[in-house]
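For reference, the structure is listed below as structure tokens.
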Amino acid sequence: MGVFNYETEATSVIPAARMFKAFILDGDKLVPKVAPQAISSVENIEGNGGPGTIKKINFPEGFPFKYVKDRVDEVDHTNFKYNYSVIEGGPVGDTLEKISNEIKIVATPDGGCVLKISNKYHTKGNHEVKAEQVKASKEMGETLLRAVESYLLAHSDAYN
């Protein structure tokens with residue numbers, strides 16, 4: 001087994017606490033509403049949203065795969081940090097054991113925030129992670145972030 005690390009950052013004009021509430025804490029409800037072209041629904045399979053919770057994320061028809069199951073590993077309300085692992089479905093299977101993800105939302109001096117994202121692809125055997133896979137994951141994250149950001153800009157009273 002190998003581990004391939006990928007890190008990226010994305011900035012937003014939304015304050016860190018507000019982004020954490022909307023994108024992380026209420027993302028299961030908000031994201032399918034604001035980005036149905038990317039995620040059709042999220043089902044809570046087990047747990048209360050904290051560590052150990054299992055969620056099934058369903059994708060719309062025509063998407064490369066039907067679903068993924070995520071396991072919540074950590075929710076840090078003080079430091080706006082969220083860790084989860086993709087444990088089933090989607091790219092996980094013959095070549096990947098899991099994908100561990102960490103999202104940390106940090107306030108910026110201008111009142112916005114930066115999302116620091118770390119992805120660890122745990123491969124099976126000697127398999128390597130393809131650049132297209134990383135690119136698709138980054139594009140999906142950017143799509144979801146911008147959809148949430150647009151919603152928050154249009155609804156200034158939400159998630160304060």
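Any Cβ shown, glycine's included, is placed from N, Cα and C.
According to Swiss-Prot, the residue from ASN48, ASN101 that belongs to the brassinolide site alongside LYS55, TYR82, TYR84 is ASN101. A Cβ within 8 Å of the Cβ centre of LYS55, TYR82, TYR84, ASN101, the residues given for brassinolide, is found for these other residues of the same chain: ASP70, ARG71, VAL72, ASP73, ASN83, SER85, ILE103. The number of other Cβ atoms within 10 Å of the Cβ belonging to TYR82 (brassinolide binding site), over all protein chains shown, comes to 21.
In the three-state DSSP reading, LYS55 (brassinolide binding site) counts as strand.
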